[in-house]
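Database features, via Swiss-Prot:
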BINDING   Lys22, Asn23  phosphoenolpyruvate binding site
BINDING   Arg95, Lys164, Val165, Ser166, Val167, Asp308, Ile330  UDP-N-acetyl-alpha-D-glucosamine binding site
MOD_RES   Cys119  2-(S-cysteinyl)pyruvic acid O-phosphothioketal
ACT_SITE  Cys119  active site, proton donor
Amino acid sequence: MHKLIIHGGTPLKGSINISGAKNAVLPIMAASILTDKLHITNVPKLTDVSTMKDLLRSHGADIEIIKHQDEFELIIDTKNINNFTADYEIVRKMRASIWVLGPLLTKYGKAKVSLPGGCAIGARQVDLHIAVLKAMGAEIEIEDGYINASSKGRLKGTHFVFDKVSVGATINAILVAVLAEGETVLFNCGREPEIVDLCNCLITMGADIAGIGTSEITIKGKDSLNKASYKVLSDRIEAGTYMFAAAITKGDVKICGIDYHIVENIALKLIETGIKVVPINNGVQVTYEGKLNSVDLETNPYPGFATDLQAQFMSLMTLSSGVSMITENIFENRFMHVPELCRMGADIVVRGNKAVVRGVEMLKGAEVMASDLRASVSLILAGLSTNSKTVLHRIYHLDRGFQDLEKKLSNCGADIKRV
């Protein structure tokens, strides 16, 4: 099994190009089921993307892959979909597999999808997915670990209020409603840029969607959708991760290929800590200027601070000049990186959904283990900040969500290699 060897102590300097967004491309790939052909560009090279390709192929899709140096293009032909079951062996690898449920059901009237896996950070129940589908007329049973869904004729538009904000359920509801009969109005929706990107792709395919980027989305169902070509937006979580990497190594890095407005809340939080952050053409520049203040943080649905960046921010706060309180409001089990950071000398105490971080002068290299995707990269950031050697195990988590991470960091001076 591979591991990463990190020799820290070098400030990162240079530029990093941001890849396509994992959390946008996966639902867009699922949306290909709604039409006959979808051409997607700026596709990142990630294992989760490979898993979604395998899943779509298992349903009968034909996928052409055009490889470029830094990205893929995918041409997904779904006119011969002939299998409506998403098997456990594929679905267990990735929770995003649940997003084929809506498209299969709304277009073909039936779907059987294994209850998803792929993540250790919380229960992330599918109750809201099921509730909105039932509200649109679907008949659903859960048997032997599978969601069995069917409909008699087209699903019907409805008015539906999500009990709590759910990115995943918002996506599935949108994917269903674009082919449902009549008008659907969804309340308390997720507002994430990746949801906006999915909606923009669906509009390119001929969907009628209003209220994009707000908590109230109105969709008028169409009889069918068109072939289309679409470029996926850049990954704000990857961008934020490298912004924190620049800060924790006392570096100066240009983050390129990202719209400033979708990382502005990250930039503002960094500015609070004393880091200089300025917009540049097609990106943002992050510069350490000699101080790192402790700052409190709460994760919340967008436009709040992303839970997917909480672990990286915590790594930064371990070296701050005071005490910070980090509150995790999205997932109940997202402090699994804390024991590993403490192995490196961090002073962190967890109380429920809150972590109290007392800054220390320096972290120390150690052998540590990744527990999930975002926790793994937080340990890399911690390792880069030390003046010693860190060994990170179970790095297969990284490949689910970060393309060419070692290469991008090495190009900015980091001593990091996979063995």
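Each Cβ is built from the backbone N, Cα and C atoms, and glycine gets one as well.
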Report summary line: Among Arg95, Lys164, Val165, Ser166, Val167, Asp308, Ile330, the record's UDP-N-acetyl-alpha-D-glucosamine-binding residues, the widest C-alpha separation in angstrom comes to 19
Query raised in the report: In sequence order, which same-chain residues at least six apart have a C-beta under 8 angstroms from Ser166 (UDP-N-acetyl-alpha-D-glucosamine binding site)?
Result: Leu128, Gly190
Report summary line: Students should find that the Cα atoms of Ile330 (UDP-N-acetyl-alpha-D-glucosamine binding site) and Lys22 (phosphoenolpyruvate binding site) sit apart, in Å rounded to an integer, by 19
Query raised in the report: Out of these binding-site residues, Lys22, Lys164, which one has the fewest other C-beta atoms within 10 Å of its own C-beta?
Result: Lys164
Report task. Restricting to the same chain and to sequence separations of six or more, state which residues have a Cβ under 8 Å from that of Val167 (UDP-N-acetyl-alpha-D-glucosamine binding site). Result -> Asn23, Gly190, Glu192, Glu194, Ile195, Pro301
Requested in this report: Look up Val165 (UDP-N-acetyl-alpha-D-glucosamine binding site) in the DSSP assignment and report helix, strand or coil.
Outcome: coil
Report summary line: The sparsest Cβ environment within 10 Å, among the binding-site residues Val165, Ile330, is found at Val165
